[in-house]
Structure formats: structure tokens, C-alpha cells
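Taken from TrEMBL as is:
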type: SIGNAL; residues: 1-28; note: signal peptide
type: REGION; residues: 29-54; note: region 'Disordered'
type: DOMAIN; residues: 82-147; note: domain 'Cadherin'
type: DOMAIN; residues: 262-375; note: domain 'Cadherin'
type: DOMAIN; residues: 381-487; note: domain 'Cadherin'
type: DOMAIN; residues: 488-592; note: domain 'Cadherin'
type: DOMAIN; residues: 593-694; note: domain 'Cadherin'
type: DOMAIN; residues: 901-1004; note: domain 'Cadherin'
type: DOMAIN; residues: 1005-1108; note: domain 'Cadherin'
type: DOMAIN; residues: 1109-1217; note: domain 'Cadherin'
type: DOMAIN; residues: 1218-1323; note: domain 'Cadherin'
type: DOMAIN; residues: 1324-1428; note: domain 'Cadherin'
type: DOMAIN; residues: 1429-1538; note: domain 'Cadherin'
type: DOMAIN; residues: 1554-1642; note: domain 'Cadherin'
type: REGION; residues: 1639-1658; note: region 'Disordered'
Amino acid sequence: MWWRHVPLMRRVALLVLAVLLTCGLVSGQGPGARKQSPASRHVDGPPEQMQSRAVDTRVQLEVAEGQPRGTLVGRIPTKPGFTYRFNEPPAEFELDPVSGEVRTAAVLDRESLAHGRYDLVVLSSQPTYPIEVRIAVLDVNDNSPEFPEPSIAVSFSESAAPGTRVLLDAATDSDAGRNGVSDDYRIVGGNSEGRFRLVVTSNPSGDITYLHLETTGKLDREARAHYDLNVSARDGGEPPRFVYLRVNVTVLDVNDNPPIFDHSDYSVSLNESVPPGTPFLQVTATDSDSGDNARVTYYLADTEHRFVVDPETGVISTAETLDCPQQSCPQPTPKRCPKSCVFTVYARDHGSPRQDGRTYVTVNLVDANDHDPVIRFRYFPSTAGYATVDENAANGSVVAAVSIVDLDEGPNGETTVEIRSGNELGHFRLERTPSFDIVRVAGVLDRERVGKYNLTVVATDKGTPPRTSTAFLVIRVNDVNDHEPVFEKSEYQAVLSELAPPGTFVAGISASDEDSGVNARVYYAIVSGNERGWFDMDADTGLVTTWAPLDRELQDSAELRISARDGGPNPKWAHTTLKVTVLDENDERPEFSQERINVTLSESAPPDTLVAMLTAADHDQGTNGSVTYNLLEPGVFALDPLTGQLTTRTKLDREATPRYEVRVIAKDQGVPPQSSTATVFLRVLDVNDNSPEFYPRLYFSPVPEDAPTGTSVLTVTATDLDEGENAAVTYSLESGDESLFVVDRSTGVVSLKRSLRDSPKPYFRLRISATDRGGRRAPEDAEVEVIKDTRVDDLEFDTPEGYEFEISEDPDGNEPHIGREVGRVSAGLGEAIRYYIVLGDPRRSFQVDERSGVITTANRIDREQVVTYTLTVVARAGHAMGRVVVSVVVLDENDCQPQFTRARDEVKVPENAAIGSEVYFSRARDRDSGPNSRVTYSLSMNPDSQFRVSQTTGVIYLNKPIMAAPGTTMQVEVLATDGGDVPLSSKHMVTALIEDVNDHTPVFDHTSYETSLLESAPVNDRFFALSASDSDLADNGRVSYQITEGNAEGKFGIFPDGFLYVRNVLDREERDYYSLSVTAKDSGNPARSSIVPLVVHVIDENDNSPQFTNTTFSFHVMENEPPDSFVGKLTATDADIGRNAELTFSLPAAQRDFAIDPKNGFIKTLHVFDREELVRAMGQGHITLEAIVSDNGALRLRDKVKVNVYVSDENDNAPKFLRTPYRVQISEVSPVGAQVFRVFTSDADDGLNGDVFYSLTEGNEGSVFAVDEATGQLTVVRPLDRESVSQYKLTVMAQDAGLTVRLNSTEHIEVDVLDENDNAPQFSQTEAEVFVMETAPTNTRLLQFKATDADLGVNSEVTFSITAGNRRDTFLIDPASGALYLRRPLDYEDVNSYALNITASDGGSPRLSSTIVFKVFVEDFNDNPPAFPSTAIVRQIREGISVHTPIVTVTAEDPDSGPNGRVMYTISRQEPADEMHFGIDASTGIIHTLLAIDRERVDTFRLTVVATDQAEPPSARLSAEKLVTVIVEDVNDNAPLFVSMSAAVFPRDTSLLVMRVVARDLDSGTNGLVTYELAGGDDDNLFSLHRGTGALTLRRRTLEPPAARFHLAVKATDEAVQSERKSTDGYITVVAAWPGPGGPQFEAGPASGSVAENEPPGTSVARVSARARHGDVEYHVVNVTAAGGRQAERLFDVDPRIGVVSTAESLDREAGSDFYDVEVMAVELGPTRPKAASLKVSAARLSPTLLFACTSYLALVHDLASVTVRLSDADSNHSLTYSRTVASSAARFTRHPCYVNYNYRINVIHTSVN
């Protein structure tokens, strides 16, 4: 055929192409949905947990940057036999694959690294495991600090306070740690005056530092206006590096100089009769500042109404008729003293803030008597509002000073003063001095009698008629701490139970102090006697309560010394004694001096020997402290109940019981009694009362005749039941051949003294004795027979594998039946045979008849002691000897009754336990077996069928509700019965204690309570008792009380016994009713409680004085009103009630102007009043008098008040303007609210008639000004504009507030408006933002700003600047043109927008500006590829995990925005590249499995993940790759497979090795470690299989095998965890046949054959044939060797009948060998012993199949497809490329990995596609 003539590789290509076309790789699927491949399948559903784990081993290494290539970095931990490699070999490092040394491969630069480290992964050789290696690159100081700019300009105001800061750009340093910027900044130049310093601060987290320039003192622009500073920054390296920054500092001027007057004060003389408006003085002030700061305006204080000053010229004029006060004369003189007006003139500049200067002007006048004397009091201290004096003040002590001021001159101004009333006791007097009067003490004061004085002081001048004035001097007497506290009792006593709970009332201690205030406040304290801290005392109330539990046994009484201290500055003290007696309660249990007592006693001690003396102490009194003793379990010991003496009842036997634990209970006689337990640990000391005893006693041993001297023959053993030295055994050779043998005295080892060749005797009999250290000798010596091994013959028992017998045990309680036959052993019929039991019966329970071999019982047989006996029986007949094992199973008899662990037990049962609840678990054990040990339970005592018991488990359940009272007990007896034919039983008593449950709530004896007490009830007074009862017991019935509601003020308290007491002072006037809620709560868990309401009524006492509602009363009455006109009503209150609150009013009887109603307090006039006459007569328009109010209590209390009655005026005077005419100037930039001028008026009327209100009536165009209607202050209310209106002429009207008639007057004001720079520039463009690509070049012109200014000249010259938002000085604006330029490159990822403040400023002074916010948006450019973290990604997964299981998420970050920053993920390649085992979610980066993972195929995958951004167009997209290493961990999913031969030849030489069994397990670690065992077929117990090596050996040498063939079953098991182990069974045929004459004959010579690799198992290789004379032939493969004689696995089998040799598994030429030798054995099967012959078969392996890995790239268009097939073969290194164009119906681009198998023999090609 033509096909045969085509070259081989070309044929392969044609076949591949044909297959590709037929299997659809190049043909489209046609229209319709395309089937989704597993790799593209989307994983739906929520994210799954990653089924992988990180690397276990991590290594941290360090290396300094800049080190030369080859520098040692460190070593990774290695394991023997492994090599190592980098997962991703870095260019910077090299790894030694064996030693694990890591060295640098390049010079490192830390600053070029993102995180200053390398994260690498090292992989080991197989089985692969990963190691994470982190190499930290240590910094070296190779970079200097850098400032952003070399120079910077800043400014400070000269008014800046010391410490004012401006922010400078801090320096940065690429180095790290101390090599970075060290915050060491210094001013190294330009700071000669030390005006500045540098300060470094940080943000709260400390990760950012800021550099500030700070002033150290005040700046003065006039002294120096500019500083040029040189700032250095130093890093912390060694040596350090520096950088410098030039800082230009400008000092800005401020208005810091006030105007200065020419003179500090002016003095002029002026006639007091000059008319208003007369100019009389001009003042002048200058200001050293310039401009507005130096322009001065004059003004007077707002309160100055007598004079006016011209604001521009400084001319001062009078504003009204002058009335100046009289000044004090330098010396007292009867002549007139001059009157003077002193006022202040102010000069103010126009700076901001404005500065003022001042000067003083004195106007001296000449003076009529028109002033009343004015009384002024001076108190000590001067800030006090009244006079005070200590009650112990000495006679003559100063109390207050009284000064009188009368503004008149001459006699009209001379005054006298007197105490008119209030000094009836004469305790005070007035003392005259030249300038004032002094009030002094004139008697003995006592605050406790009179605590306050109210002196009426009257001053009178010497005019005609004289003028007087009255004042009241209130003197309060200060308390002096002159009384000490006084206790009510000199001694207090209390009696308490020691069980009194904390908080129990002990005593209420009370002391009083006659002083007042803090001097009378008493504080209490326990001075001594409370060393144990049992008591607590309230420092304020004196209440003594218990603070902690009492303990009478520690202290039966306490004597507390209590102090009372007042609160004075020098406190006084008093003391008393409180004696507390503590009563005893049975609250202590007896306490043993030792709870664990260790004693020893010799076992030879006679009965009644003292073991220990136990003593327990109980510190209670009487029967509560009387102690008795008893044993918990009496038996071997006795205990005296009174003395605690523990003695023995019988003699002790250490060998039976070496140790005892004796529990002793000590109980007192209290109710209820208390007890405690101690344990005596007794160790019985040994006495040498036991002799050694040999076992075994008979010894037989063959010994080689040529054994050298010193050879150990055997070891004899004797034991002694004693212990220690008493049990030490010494051995001695008593008889025998002492010249040949020796016995070790301590070990019993019998050894040769010389060789047995020296003796002609065939055997030797030795007798050895054993003696302990006490001289006791074993009753029977050991007999040893030693036989030369050449003389030994084997005796075989009729059952060589051993004997098994059964015998019943001797029942307990019966005499043992000695001599019962157990069985018979036999080693032949010779009469010379003797039998001996040599091992397995140390208790001599059996004996054997020496001649018959019958084994009988020799002692009691007890199955509970020994269940099975394994006896070694020796048979002797002359020099012949044999051994056999006899197993005797003891059959059970029902001789043991069930045993409970304790005879009695106690259990607590809650009283509310539910029916069916488990009460107790009774457990009895029976030492018998089978039915005899099966225990059933019943209740032999069960009162009222209260309980039931489970027959099988012994669990006692509650059968009925418990009706017994808590605290009582119930006896239940459990009967345990076994299942024997004659059942045995035992009893167990269980005492059930009914345990109280907190099921009762405390109950009060009433549903509510009500009581009352006086408000004067003393603190700590117990006034009412509550009682609640609880039917529960112990803590469940112990009730405590608490006030839970209504006591927020803490007025009451309650003691634990339910007694209420007064906790704080009561005051009915504050509260007369308390509704309390008292809770009674028990101490159970959980606690139960109940609440009862308690109403407490507080009864009034007359403890409150009446109080006027006001400190003073003021009333008004119109002048000329008729007598009996109503003036007003006095009101007073009294906090008391009833008659204690009935009030009576009164006025002094001496006055004749008014009358008062005593009941309602109405005051009425007694005559007509004239206000003008009253003013002339008294100098004032009102009358002052004193009123009194008193209550109607048993002890009447009263109060006084001052009453002022004002006589009201009528309106008959119009307002009058002062300081006219009015003219003023104001700047047009004066702000709204600026004060312009103030007008003044006067009105002689009083009240509303004299109150003046102002308003503007004319000239206020545009409502620019407003006048304050109350003060007359003219202010600006709307902005001024000089360009619109330059002058205003205003008319102001003043009008009084009369109610019936209102009077007014008017005046004109001229206001001149001054021009200012008041127009700011205005922007004209509308653009507010601009968009700029981040790649725009610098100096790009972005926009031009325009602005105009309505002012003229320099005020309209506009300049532009960027005043904020220009981060990093990115933009630049031309100050003249307004053009905005890009100064520095943009970076969208750093800053994506800017908000610039663009400011336009004019040239005025001060400058005006306008600012707009202009936004610059940076547009993103795809200039950043995605970036994976530098950390290597290595994950470990378990093989066999489910498909589509997520294992790891990879993430790449792209700082770009939008599509430029959106990342999609793909897996570009996988190593190994056979099949794609993994897929990735394109959006999330989650890598998941696509195919099943099998570690045995691939144990490590390397995935290359590509992250690509989504920029448009696609050609602009950027990507990054990341290697992901996946290490597959082993799972025990492979069972061992046998690879060794299935047949072997029985060894005929001296070797015991049959063969080595080998099984392979593809798993790793312990999962692949194989162990072997022999599972069956070895009926003769002839073979042994080594568990670890698989060596199959003979147990003994056998010349004649018992069978011709042995079919052995073997099992191979791996060493995985027990639950996951896998095993395989195999079979081995061991043929006991050897080559020899008459055996089978192969028909031909050595056979040969060939087989192609990859052929399936069972492929025939060759056929062998052999002929036998007497029977059939069976074939076995017994060995396979590869080329060079290497042992091979079981690769071939042979048909046992027909001899066809075939493959046992598929062969692989590349992995194995080209040739094999197969040894086939032919076995003749016949009646005689099998004969065998062997033949070697040579098998050659061919490679007829070329396996090509191909990649088919199909570039498909609509009609044609070009197919290129590239083929390569690992076997022959052949390669082929073939191309062809085929038709296609689809237009796609696809890529398919495929594999091609070409068999050149038959020209068949097979393909597989992934």
C-alpha cells in the first residue's frame, strides 16, 4: 500500500490531522449555544471557605543594604536527604540547594523596595514542602535629608505672643529608623537676637511630624522688620547627614503705640457760674504710628455729662451749669475748701485695634448747703456685707468704722454721729477720730445669748435747719469654739450574738455642743478597741453597727473607746466607752491539729498497740465545745471516743496489707452538731518473717560443649515476700560440679567456670540454695540439670502445639478438693519418661504425676484470683527432653456475693424533686463471671414506697412526691442479687436527707404599716419594728430587710432585725410624709422576697421663726394723698403649721407716720405727705421704719424687716439738652453698630417723669443712623457711602415718660462722612473649574483670571495670588495678568483635585481683596499597571478535595481609577502543563480547582496568574504576573500493592530466609509506610513474617518440610491513622521442592521473548514447557531481574498449567529497563516429594508507540482553517510539524492541548484532547 512508503513522521502528522478533523477540533459546533467548558464555568453562590492552608515553616533573615555580591544572608532549616530551590528565583539572591545558605546575588538598595524586605518561598525536593523566607534589608545611612524647597517665606505679626507658630515644610529622608530624619532641626544662622526657635510636633498617632517656627519673645517691627534664618536638618545616622533651608521672616506692623498727651494732667480754674458751652481748655495728643494708626480723635467718658470736647481740635467746653464736689483740704480748717471737678480726656487713634491715651483735667470751682450727710460703714474684712465680732472679743475691740460724707462746705458740711437704738445692753460704743468714727466693743458678748445686733446710726450736719441721715449697722456675733462636745452617757453597753449579721445595731452614740455652725458639728470615731474591724461607726450620726461577722472564740467582748470631735478650727474632744459582750453560738466545728497523720508500726506489734493519739479542738463553750471521736469504718483498729486514742485490735501482717487509711470523725455536742474528719495513714514496717522461695525450682538447660568460660547457662530465681533488706536474696551452689559451674550470689546467674569439654559427663545436676539477709533459707533448694547439647534428644508430646484443660474452681467457704484430675500430658510410652511442672504455677496449685503425666490440683483453685493458668511441663527420659505448654481454664462457681463499695451512704434529695428524678446510683460488683456475676437490684426497705430502683442499673428514682419535712432523713435499703443457680446477695443502706429548697417567700405579719414620729426625733432613734417570717430552713429561711423605695433622701435606715431607725435629721417643713417600701429577702439562691408599704408621718414642732418674704419692703404713695391711704402690705411666712404658724405684725410705737393691721399686715398713712418738703427736711424722698412679725408658739419666735415708703412725684419738668451744639465726623467704612456720638439731657422730675427717651425726627435719609432711646447713643445701623451722601443734619428729640403728661425738647446734630478705600476688587469671569490630564506638561497655561475695582488710583490697582489650596506649590499665577500656569507635574494617584483660593487685592491701605474658589480636577491616565503584593503565594491543599473548591484569593491593586483601575484575572499557564487543574474567577481572583487533585500524579503546581486592567482601548491595558505555588498534601487514598514474587522455594540450606515480601504504597509519609503480617496458611507455625522488612523466614530449621507446598496469606497495611488505614491481601506459594535427579526437564533451552511498552497487563511474552516422569508440572515465577542483575519487581506472571509467561503490569521503557530475566520454576506434582527445575526467560521491551505532546493552534476564519500540528516524542526525540487548510463553518480562535499515540507497527494513531 502507498501508506507503507510514506516516511514515519509524515505518516504520524497525517494521522494526527485526520483525527483532529474527525473529532471536531478544527470544525465549529455550528450555530447555537456552545457548551461551557469546566475552566470557564462560573462558580455561583456565596464565597466558600478556602480549602487550603498557609506555609507552616517561616524564616526571618536580615542583611544590610549595599553589601557586596555573595554576602551570606543566613541559612534555612534543612532536612537530611532534601535539596532546596527558590519557588521564584530572585535576581537578588542565590540559594545553595544542599546547605540552605542564602547569599546576595546583587548589591541591595533598601530604598528601592516598597516594604524594605523580600518575601520568598523555598521549595524542597519531593515530597515537597514549602518554607517562607522573609529577608529584611537593613537600612544604611546613604541618603541625606531633603526639604521640599530650598527657601521659604513666612511672616509674623509684631503683636504675636511668644510661642506663636507657623508651619514649615518638614524634611524627609529615604532612609529608615535612626538613619531617617531625627527631628534634630536647628537654626544655624540669622537668629542672632534669639527671637525664634524650632518646635517639632506629631499627630496623635505619632506617624507624622510637623516642623514649626516659633517666636521666643515679643517682636518689634519698629526695631527690626526682617529676619533671614538658616535652618538645618540632621538625620540620626553615623556619621550624620545634613540639609539646609533658608527661611525669610517678615514682621508685619500692628497698632501697638497709643496716643500720648503733651501733659499727663491739666488744671484750670473756672467760675461755677459760667454758662453751658463755654470753652476753657485745649488738649493735644500725638501718636508715633503712621497713617490711620496716628490719626487722633478726642472724646470723654460716656458718664461725663458736665463737659464736652471737640473730637478734632481737643477744645474742652462746659455742657451744663457746673456743680463740682468739694475736695478734702490738705489740713483741717474751718475755712471753705475748694470744689473741683476731675475728669479724664481720651485720645484714640484709628488703628485696629484702636489704642487710647488719657490725661486728667481738674476744674476748680468756688461752692450752698444742699447735701445730706452720707453714712458709710467699713467692715472687716472690707468685702463683708455686715460687721462681725467674735464672742470672746476683748473690751475695746474694733467692730466697724463709720465715715460721714457731706458735700456741703463750712458748718453745713460738719456732722455728728450717734447710736440711736439697738444698743440697749450697752455692748458697743462710738469713738471719734479726725476722719471717721470707730465702733468698739463695750461689754462682754455671748453668742449663745445674743447672736445679732442691729444698731441704728444717725448722722446730723450743723446747717440750719440741720440735715440728717440714718443707716443700720448689723453686727453678727461669731461663734468661738468654747464648748466641747458632751456625751449623753459616760458609758454605753451592748450585748450581741456572735451570729449577728453585718449591719446589726449595736448602739446609738450621741453628743451635743453648745457652739454653733461648724463649731457645733460633732464627728464621731472609734479610737481603740476595734482592732479586729468588727464594728463600724457613722462619723456623722454616731450609729455603731457590726461591720464584719463576730467570732466569740477569738474575742468574747470588746471595749470600744469612742471620740466626739467638734468641727472648729481648733477642735475640742470628748470620749466615752462602749462595752460589747459577744454571746457564744455553735459556729465552729472541731478542728484536728493535723488532718493528715502519717505513722508507721511494725507488723510484729501486738494487739492494743497505740497507733496515734488524735486530738481535735472546738473553741465553742459548754456542750458546743465538747468533742467525741469515732471511726468511720471500724475493723482492724479501735478508737477511744473520749481520748481519741487509736489502737490495733489484732496483729498486723505487712505482706497481706502494707498500708491502711483510717478515717476518724470528731463531733461536738451542739445543736445542730458540727464535725470534721482526719485521716491516719499507717505504713506497716516489715519484719523478716518470710523465707525465700524458689520458683521455678527445677531447671533444665542444654549447653554447647564448646561454650567458652563465663558463658551464662541460666538464671535461678528466688523471691522473698519481705521487703527491703529482708527481701535481699543470696544464692549459693550447695552441690554439683563446683569446678565447672559457679552461681552469682546476688543475681542467681549460673555460668561456666571452664569448658564442658574438660568433663566426660554428659549431664550435670546442681543444687542451689537461697538465703535472705536475716539468715532464713529457702525450704527447698533449686535443682538444675545441665546437659551437653550434643547429647540432647528431642522428646515430642503427642500434642506438640500444647494442651488445653478446664477445671471448676473450689467454692469459697468449702474445703478445697485436692487431687482433682485436670488432664494428662504424654510424650511417649516409655517408662523412663518423667514429667515436671517447671513454670506457670508459682502458688503450687497443681502437681503432675512424674510417670503418668496426670495433672491434678494441689491447692485451692480460685477463679477470682487466677482465671487461666499457663503451665510449662517438661518431659525427661535420659538425655531426651521436651517441653509443652498446658493451658488450664478455671470455670466459675457462684461463690462470691455482690459487693457494694460502701456499706452505707448518704444522699441529699431536694424537697421539690420531681417524680422520676434520679436520687442515687447504687453499684455492686460480683467477682464471679457469666450469669454468676450478673447483678439485679431491688429495695428491701422502702418506706411508703417512696422510691423505686432500676433492676439492671441500680439507679434509685423518686417514686412519689416528698411529703417529709426538710431536714428529716429516710432510710432505703438496696438489695443486690447475682444470677447464680443459688443466688447470693448483699445489702446497702442509703440515707436520704430531705434538703430544703427555697420555695417559701418571706411573709410580713401585716399587709401594710403606718407610724408617726416627731420631727425632732434624734438621729439613730429606733422607732418601729417590722417582722417577716420564712418557712424555709437555714439560709433559705434567713430574712434580711432593705428599704427599696421612698428613701431617696436617706432619712431612714433599717437594721437586719427589721428595726427602722432615723438615719438623718428630719424636717417636717421639708417633708411631712414618707411612703416607704420595705423588702424582706431570704438568703436562698435564687433569693425570694416580698415588699410591704410603710407610711411614716412627721409631726410638727415650733422650730421655725417667722420670715418676712423680703429682706426689705418698698412701698410708694403719691404726695398729697389723704390720711388713711393704703401704702402696702407686709407678708411673712412660717414653715410650721397650726398655732406655731399664726402670725402677728407690729410697728414701733414711737413713729407717727403710719399704722399697721396686726393680722393682715396692711400699712396706711396717718397724714398727708409732700415730696418736696420731705426732700428738703430729710434730704431724701422716702421714710424708713422697722416692722416686726411673731408666731403664736409656746415659745414665740419673731423676725424684723426694714420698710421704705417712697413719696411719688408729679410730672412738671421737661428734659433739657446738655453739651450743645453737636457736630461730629465719621469714616464711611465705619461698621454697622459703630458709635457716633451721645447726647445728654437732664429732667428734674422723679421716676417715669424724669426718665428721658430719645428719637430721630429729621435728617436721617436712608435710615443710616439710629439713636438709643434710653441712652441717647447715636450709632450707624446701615453702611455709609461718602460717594452717595457726604453730610447728615439730624434732629434729635428728648421726651420724658410721664404717664399723664409727657414733655419734650429737640436739638440738631451735624455728621460729616469721611472717605475710605471701601471697594474690593470683583472677579468678572464665570469659570469655576477646569479639567487637566495628569500627563499635562509643566508651564501649561490653564486659565486667565480678571477682576475690576470701583476705587481710583492705587486703590484700584489689582494683583492676583493663590492664597490657599496650592498643595506642593503645584500651580503658579501671574500677579499682574492673572494667568494660571501648571508649575509641577500632576499625579492623579497622589492628588486628584485641587481647590484653589484665587485672591484679587487692590493697592489701598489697608488693602481690600476678593477671593473665589477655583477647582482643578486631574483626569486619570492609565500609567500604573496592577501590582501584586510582594509576598510569595504558596498554599497547601489536600489531595482529593472537591472540584470547584476555592483554595486561595489573589489580589492585585491598581491605583488608577475607573476602568484603568479595574482588575481582571486569568491563569496564563500551569506547570506541569498536561491538564488545567485550576481556574480563577476573573473578577474576585478566587482560584478554584477544575479537576480532581491526585498527589501521586502531581504533588506541586505552579500557576502564573495575570492581572490586567480594563483600560480602553485594549492596547493601552497594563498587566502584571504572579506565581502561585500549590503544594498537594497526601491523603491516604492508595492501598499497598504487592510487587514481590508470588512464589518462593523452601530453603534447603542453613538459611532460614524464604523470600522478602515487598508491597509498594504510592502515598507519602506514614501513609506510604507498609507493615506486613502473616494472615493464614501457616498451620504448622513454620513461618515468620517480619512486620517491618517483609522478610519471610522459617521459625526453625526443618530438613523435611511437613508439606510439599504452602499457600500463605499475607496482608500489607499502611501506617496511616487508625481510622484511615488501608490494607491489601496477597498470597504466596512456597514450594518445598528442589532440583535433583528425576525432576522435570524443560523441552528447550533458555527462552526469550519481547513485549512493547505500555501494553496492558496479561500480554504474552513467551511460553515455557517442561516434562515430568511421574506427574503433572506446575510453573511458578520465582525471580525477576533487570539489566545488570538488578532485582526487579513482579512484572511478569506465568500460567501455572500451560507455562505462558505474560506481563503482570504495563511496562514503561523510560522508567524501567530494556531487558528482564524471568526465572520460572517447574515443579513435578506426584506422590513422592516434589521435584523442581528452573529456567530463565529473557524478555526484551520494545517501544512501538510514539507518544507525542501536541498543541493545535486553530486560526479559524469563516471558510478556511489553517491547522498546524507540532509533534514530539520523549522516547525517540522525533519531532514533526504538519500544516493543512481545512474548511470551517465558524469564525473563532481556539487553542487546544492534545496528546497523540502513534503505533508504527499497525499505522494506527490515537489522540486525546484536554
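Just so it is clear, glycine is given a Cβ too, placed from its N, Cα and C backbone atoms.
Any TrEMBL annotation is an automated prediction that lacks curation.
As a quick check, the domain 'Cadherin' (1005-1108) and the domain 'Cadherin' (82-147) miss the bar of 3 or more Cβ pairs under 8 A, pairs 6 or more apart, so the two do not touch. Looking at 262-375, 488-592, 901-1004, 1429-1538, the range that has the most CB pairs within less than 8 A of the domain 'Cadherin' (1109-1217) turns out to be 262-375.
Mean model confidence of the domain 'Cadherin' (901-1004) amounts to 91 (pLDDT, 0 to 100 scale). Per-stretch counts of Cβ pairs under 8 Å to the domain 'Cadherin' (1429-1538) identify 82-147 as the leading one among 82-147, 262-375, 488-592, 1218-1323. Secondary structure counts, DSSP: the domain 'Cadherin' (381-487) has 4 helix, 52 strand, 51 coil.
Per DSSP, the secondary structure of the domain 'Cadherin' (1554-1642) breaks down as 7 helix, 41 strand, 41 coil.
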